[in-house]
Each structure stands twice: as C-alpha cells, then as structure tokens.
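As written in TrEMBL, here are the features:
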- 81-101: transmembrane segment (TRANSMEM)
- 108-133: transmembrane segment (TRANSMEM)
- 153-173: transmembrane segment (TRANSMEM)
- 180-201: transmembrane segment (TRANSMEM)
- 207-228: transmembrane segment (TRANSMEM)
- 240-262: transmembrane segment (TRANSMEM)
- 288-308: transmembrane segment (TRANSMEM)
Amino acid sequence: CGIPNQGPNQRRNNFNARNSLTANIENYIVSEHRSSDKSRNHSTTIIEHETATELDDDQPESFLSSIITKFELLRKFSRPYAILGTALGVASCSLIPLETISEISPRFFVGVLQAALPMMLIHLFTNGINQLFDVEMDKVNKPFLPIASGKMSMKTGVAIVAIASSLSIVMGIMIQSPPLLCAILTFFAFGGAYSIDFPFLRWKSNAILAAICIMGARAFSIQICVFLHIQRYVLGKPMAFTRSSVLATVFMCMFAVVVSVLKDIPDMDGDEAFGTKSLAILLGKEKAFWFGSSLLMMTYGVAMGVGASSPLMYSKLVTVSILSGLSL
C-alpha cells in the first residue's frame, strides 16, 4: 500500500495549506501575546492605583502620629506636674482674701483664671530655660528630657521659652494689675537667675542662692503678689496683709528650703560632675534627706500649731485637718 503519486497541482495545494496553517498559528500566538501584555499592564495599573490609594490613606495617620509625637515632646519639655503646682498655688492663695461665701462669684473665678494662666506660662519659661542651659547635665540626670535626648532642637526650645514668657508678660500688662505683673516679673527674674549661665547668675550652683530663687518664686511671687491681686483688683478691698496670708508666706518660705534640698538628691551625680554645690552634695545623700524631711515635718507642725490657735472653730478644724492630711 504505497502513497500514491501526487501531481504538481496537488503538491502546490498541500504546500499552500501548510503555509496557511503556519500563518494562522503565528497570528494566534501573536494575538495571545498581545492579550497577555494588555492583561499584565491592566493588572500593573490596578496594583499601582491600589498602592497609591494605600499611601494616601496612610498620610492622615502619619500626620496624626506626628502631631501626637510633638505634643508628647511639648509635655515632657513643659513638665506639667510643676506647672500644675503653680496653678494649685495660685488657686489656694486666692482663697485667703475671702471673708464670706458671697464673694465667691463669677468675677472671682475670672480673676483667679487671669492670675493662673500667665503664672503657668511663666513657669513654663523657667522650666524651659533650665533645660536650655542644662543640656549636658541633663544627659546624666534626666536623659529622658526632649533636648537632652536630642528629640527636640535647641531652636524649638528657645521658641517655646520666648513665646511663653512674652505671652505671660503681655497678659500681665493687659490685665492692668500691678501686683500680678510684679508676680510675673518676679518669677521671670528668679527663674532666669536660677538657670542662665551668665556672670553673677546661675544661682543654682550655690545652695543658698538656689533656695532664695525658689523662695522668691514660690513665696513672694505667689503668696504675696497674687494675694494682693485678688484682694485689691478682684475683690476690690484695700490692700492689707492678714494673719492667714502671713502664715501662708512663712510656710512657703520654709517649704522652699525643703524643696531646694530634696529635689537635688536624685541629681547628685550630674551636679557633682559639673561643679554644682547643692546642699545635697554638701551634706551627702542621707543627711540631706533627713534634714529635708525633718524640716518639712517641723514646718507642718508649726503651721498646725498656728492654725489650732485661731479663735474661730471652723478655722481650727479646717487648718489642722488639711495640714495633717498633707503631712501624712
């Protein structure tokens, strides 16, 4: 059974058929290749679009995260626990001129707020100026602070300090209360003298001068000046020191000495390395602790004794009860 011989026409037809089949196969392959390229391009476009969308979605989160980080740095820089102490000092001092319940009015609360805000801002200045001049010391004593840790630049710190002090002084001028402006400027002066490393300043290097700075800021500025501001320019009474105001001032003077002793105990390593002669270094850690604690208890004891000698029963109860609770 052999293959029959094909004529010239038959061979030509077979050849043309093979060429046509080959061409169809090639066209099919090219078409599939083009379709595959289009599919890949479409998929790539979708992926790129989705990636861009994800990046756009991440931007608000990154912005919010940046805001939170900056707020946290500002919180650490301002040291809010100390500023809160100033606010509480202003609030408690404002109660001393009160004689009747009827004097607690909206005008009184506005006056207290007018005193508290600039005093808190000027305290922010003192906290900040201390960090600006104590960078190397804080790297030993308080490495978590923003400037010492390198998370906040000196330029930013200077800007915060300048804005806080300027706002405080401007507010003091606008309120038109000489005692309040005196309180702000006194806090400003003692805060600068305590930290600024200029000739005749940097009083924190001397135990006695450091105590005077804290005494001037806490006792004179708040207990005397803010008291007079509330008494004369909020309540409209004539300026006159009362028995309670004198007791509060003496108490805060003693308390300032206690603070100047105890606050430096955790910082002894850095203070000694940089030549700061704090009372904690001069006495030693244990003696400084017992001296500060004993002086604090004695201060509370004297204050309770004075309170107990008051001719008013409610004054005795309130003074002795509160001071007993604080001393514990």
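Note that Cβ sites are derived from N, Cα and C of the backbone, with glycine treated the same way.
Heads up, TrEMBL stuff is auto-annotated, nobody curated it.
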Please check if the transmembrane segment (153-173) comes into contact with the transmembrane segment (240-262), where contact means 3 or more CB pairs closer than 8 Å and the residues in each pair are separated by 6 or more positions.
no
Other than its close neighbours in sequence, what residues sit by the transmembrane segment (81-101), given a CB gap under 8 Å and a spacing of at least six beyond its ends?
108, 111-112, 115-116, 119-120, 123-124, 127, 218, 222-223, 226-227, 230-231, 234-235, 237, 242, 244-245, 248
Please give the sequence-distant neighbours of the transmembrane segment (288-308): residues at least 6 beyond its ends with Cβ less than 8 Å from one of its Cβ atoms.
247, 251, 254-255, 257-258, 261-262, 264-265, 279-280, 315-316, 318-320, 323-324, 326-327
